[in-house]
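A short worksheet on the structure shown next.
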Ligand SMILES: C=CC1=C(C)c2cc3[nH]c(cc4nc(cc5[nH]c(cc1n2)c(C)c5CCC(=O)O)C(CCC(=O)O)=C4C)c(C)c3C=C
Ligand SMILES: [Fe+2]
Ligand SMILES: [Fe+2]
């Protein structure tokens, strides 16, 4: 089989407070995160939104120690996966490729080309597929593949999503069980699944399978848990004024409080590491909302991180993928209907490589956007629907 590599894809997060601005710029430069009718607006608008959001976002990162733990946890997952694969008789090099911060996907690709990897498994660390997460990373990879003839000689296979993987479901069920068993009336504790939201139009217009995969995943985890507890699914972290998937986490918590629910465990479901949205948003913001709504016993289920059952699930996924016919980036695209997002011929133009952080030229473009904003009396940016 030759040299095997596993490329773990993830979102990335700012390591320190100074990184927050450029990280947000990278994120909002991504056409899969903000969809605009005019591609030339992408970077100026990204600059504009990033600069407006940086201070608030920095405040949140301050509350969790001044940066995202995502890099460290993802690297630890990589090491544990390497060990687990070795134990199962499969040697592999592990590479971490983040979409919006270091180590960038481009850096991971450079490393694995240097190491002369012959066989690559591309494994996004998102159990469910969304255009805005795995889809965005696949799209970037498609572009890197088009640009680099060396990559075209590499055998690779993609795992588009893996929320049904039994080991993952078992790890989630085990983590939930541990939390609910802390309560004297364990069987009555409300199990509250909080998934990261996406704008509703992603699902309804662009055909993002995300909502369906989240719903199915929730049902499978409850089935694996095999307890009589009531459960709810809601969506967190809405950004901007457009409608996102409903119900929103804060509304669902208030409603449960009003119904008299006192004991509740929150399960973060769309992400497999601790990050700002578990440590800050759930543990601080949603806890407060729950408390005010009368849910006095509020616990959160930890993310799988390096839970051995979860790491074993990742290893099984890799080994299965190596033994199956390969699945191509373009197939991942077609099956998930991503092509509906943009006319195929136009997406390359506005595509961002995450290795670009803001510089003078982009700030200039941002300045132009500001002028456009002033001339159009704010209408344009609100129309685009992302400003807070
Ligand atoms: C499956 C998980 C995620 C989906 C789906 C997703 C969609 C999505 N996100 C934004 C905007 C922001 N996301 C931000 C941070 C962030 N997002 C995810 C995961 C998903 N996003 C993670 C894990 C993180 C945090 C990384 C970390 O630092 O620990 C942020 C920045 C933080 C903030 O300012 O709140 C923004 C902004 C959109 C618009 C979107 C779908 C279109
Ligand atoms: Fe996000
Ligand atoms: Fe978010």
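Each residue, glycine too, has its Cβ placed from N, Cα and C.
What you are looking at is a predicted structure, and each value in this text was computed from that prediction instead of being measured.
Summarising the annotation, TrEMBL assigns Fe(2+) binding site to 196, 277. Secondary structure at residue 277 (Fe(2+) binding site), as computed by DSSP, is helix. Long-range C-beta contacts of residue 277 (Fe(2+) binding site), restricted to its own chain and to partners at least six residues apart, with a cutoff below 8 Å, comprise 196, 236, 237, 268, 271.
What TrEMBL lists as transmembrane segment is 362-387.
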